[in-house]
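Engineer: Once you've had a glance at the structure underneath, I'll fire off some questions.
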Ligand code: ADP
């Protein structure tokens with residue numbers, strides 16, 4: 001059994017060295033002793049994606065080396081961390097190897113089976129956020145039920161789990177009572193719009209239901225919210241109980257995934273912004289969340305707030321904070337899981353825009369290196385973050401932050417951020433600019 005002191009100060013493995021399937025130099029063992037020599041705590045992140053990569057960036061500044069449980073050496077975070085454990089987030093033994101000697105075990109995605117996390121907790125691993133909280137970020141139905149019980153605004157919903165005939169009848173009843181203005185969602189496993197069907201009418205809704213594989217995660221139906229826009233309230237909470245909130249941002253989706261973030265959300269009523277922050281802080285407290293949490297919200301056409309979903313990890317809607325806030329979400333996540341005092345979340349400029357670099361239908365002929373070169377020449381103020389990922393249509397391969405200047409309009413900053421991101425993915429300038437003419 002692995003027993004880990006959650007505050008083992010030197011980050012040294014409690015139960016001897018962790019073995020790794022990786023053979024790339026430096027070996028994880030060598031990296032681990034280097035990490036231990038720093039005397040700083042060891043945080044392990046499950047998942048080797050861009051969120052872990054950027055958390056590692058923040059870990060470096062804090063004198064740490066993030067350990068990453070990655071599926072492959074080519075994962076975005078595995079490329080840059082010296083402390084990689086290769087394995088699967090579905091495998092309890094791999095999770096144990098990754099957890100050994102760690103002050104905290106945390107996540108870059110929601111995919112780790114809850115029963116594995118409970119097993120690790122029983123063995124003394126500091127799983128943060130804890131499984132009892134993470135459950136509500138993994139399961140959209142459980143989240144809706146819990147939020148509704150806490151009196152938080154959620155869309156009306158119907159559970160479509162269980163016996164198929166009975167579930168189909170519930171779908172018809174729910175659809176008819178909402179004029180078929182409904183959305184069907186997989187309860188678990190969806191991300192970036194996968195597992196969400198914005199159906200148009202009864203026939204489409206029933207077709208989605210009838211064609212859905214019976215062995216896949218259960219479905220739910222919910223009311224299609226008549227919305228003005230989408231918002232995100234990003235907060236952090238530490239085990240000590242300290243909470244901190246960044247300004248509420250507006251998120252703009254394309255093809256079901258986040259494309260642009262405006263920080264702060266333009267023209268958002270102060271009271272509504274505060275209400276969103278308070279809801280997120282209160283919920284994090286009620287659920288015992290540790291780390292950062294994004295509460296995705298809809299602002300309805302009437303100006304009310306409805307909670308869409310929760311992410312208990314760094315989130316795309318918080319990337320702007322890397323360049324636009326005193327403390328980034330990645331540093332804050334580490335501070336929270338290590339129970340350090342939280343950092344100042346104040347923005348450093350009246351407005352910042354983040355634009356995702358989303359892969360073009362076909363990767364441009366011009367290399368990424370050359371595109372970056374041109375972008376730097378044209379827009380020296382653009383802060384580029386690349387994830388080391390291959391280019392594929394609509395894949396998140398990086399993002400650009402533009403921190404607005406005093407007196408500049410949101411439209412102007414947004415235009416520049418989107419221009420920079422489009423250049424990085426497509427090698428075309430949205431204003432037709434040509435470096436050679
Ligand atoms: P994911 O887990 O893939 O991010 P979401 O539940 O956030 O899925 O849904 C993806 C997008 O679908 C949302 O950002 C929003 O644009 C739209 N959407 C989801 N639920 C609703 C709803 N109830 N009403 C209207 N639009 C919705």
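Glycine residues also receive a Cβ, built from the backbone N, Cα and C atoms like all the rest.
OK, TrEMBL features for this one:
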BINDING   140, 185, 222, 223, 224, 225, 230, 308, 309  ATP binding site
COMPBIAS  1-10  compositional bias 'Basic and acidic residues'
DOMAIN    144-338  domain 'ATP-grasp'
REGION    1-39  region 'Disordered'
Engineer: Other than its own, how many Cβ atoms are within 10 Å of the Cβ belonging to residue 309 (ATP binding site)?
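Structural biologist: That number is 19.
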Engineer: Report the residues of the chain - excluding 140, 185, 222, 223, 224, 225, 230, 308, 309 - with C-beta within 8 Å of the mean position of the site's C-beta atoms, for the recorded ATP site, in sequence order.
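Structural biologist: Sorted by sequence, the hits are 155, 183, 298, 306.
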Engineer: Which one is it: of the binding-site residues 140, 224, which Cβ has the fewest other Cβ atoms within 10 Å in this structure?
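Structural biologist: Looking at the binding-site residues 140, 224, the Cβ with the fewest others within 10 Å is that of 224.
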Engineer: Mean pLDDT over the domain 'ATP-grasp' (144-338): what is the value?
Structural biologist: 95
Engineer: Three states by DSSP: which one describes residue 140 (ATP binding site)?
Structural biologist: helix
Engineer: For a quick check of packing: other C-beta atoms within 10 Å of the C-beta of residue 230 (ATP binding site), how many?
Structural biologist: 19
Engineer: Helix, strand or coil by DSSP: which one applies to residue 230 (ATP binding site)?
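Structural biologist: Assignment for residue 230 (ATP binding site) reads strand.
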Engineer: For the ATP binding site, please report the maximum Cα-Cα distance among 140, 185, 222, 223, 224, 225, 230, 308, 309 in Å.
Structural biologist: 18
Engineer: What is the total of other Cβ atoms whose distance to the Cβ of residue 222 (ATP binding site) is within 10 Å?
Structural biologist: 21
